[in-house]
Amino acid sequence: MASARAALQLRRQCLAAATNPVLFSGHGLRYRKLEVILTTSIDKLGKAGEVVKVAPGHFRNHLMPKMLAVPNIDKFAILIQEQRKLYQREEEVVKEVTKEDDDARQQEERLKEYQTAAKRLDNALLVLRRYISTGNELRTPVTKDEIVSEVARQLNINIHPDNLHLQSPLASLGEFELPLRLPRDIPRPEGKLQWTLTVKIRRK
């Protein structure tokens, strides 16, 4: 808003100056050039803020109506400086907001990925086959690291051992529902208190 007001003020003063007969006192001279300040960079002419010389007709018919340049007068030079400061401040704000938006979008995407993975784990049945010794007792108990490895192999989901709540290795055949420790940002599953992983151990 501030930059728009500055641009409007600049345009009004430029138009007022353009009607000044002193400004175009040399209009009839063939080789007389007019010093102007560029408000924007123009190819083969100069960069924004630079003072260049142009034909009065070119300034009056092309540069001035499009606010591409203003007469090289002190008050316009000051206005150009102030306007560039305003634009610079607004660009900084826009860049800062854009960075925050990007961070929020990335965080939202990560949260969606985590939730999708949590749903797959909660709906999955991880099947392990083990040798038994006597009855339903396993020869070697199933450890947390083994379960994490099987999750990666069977479900193609990488979890950390800390994500799995297992107080002691699984030592018998059967079906076990293991609680999952996931980030609190992930909403709880509908109708359940927490996310879980079902592990079924069968005879090999």
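Placement of Cβ uses the backbone N, Cα and C atoms for every residue, glycine included.
TrEMBL labels come from automatic prediction, so no person has curated them.
Here TrEMBL flags 80-124 as coiled coil.
Residue counts of the domain 'Ribosomal protein L9' (35-71) by helix, strand and coil are 8 helix, 13 strand, 16 coil (DSSP-based). Feature annotation from TrEMBL assigns domain 'Ribosomal protein L9' to 35-71.
Mean pLDDT, taken over the domain 'Large ribosomal subunit protein bL9 C-terminal' (113-186), works out to 91 on the 0 to 100 scale. Taken from TrEMBL, the feature domain 'Large ribosomal subunit protein bL9 C-terminal' applies to 113-186.
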**Q.** the domain 'Large ribosomal subunit protein bL9 C-terminal' (113-186), counted residue by residue under DSSP: helix, strand, coil
**A.** 26 helix, 24 strand, 24 coil
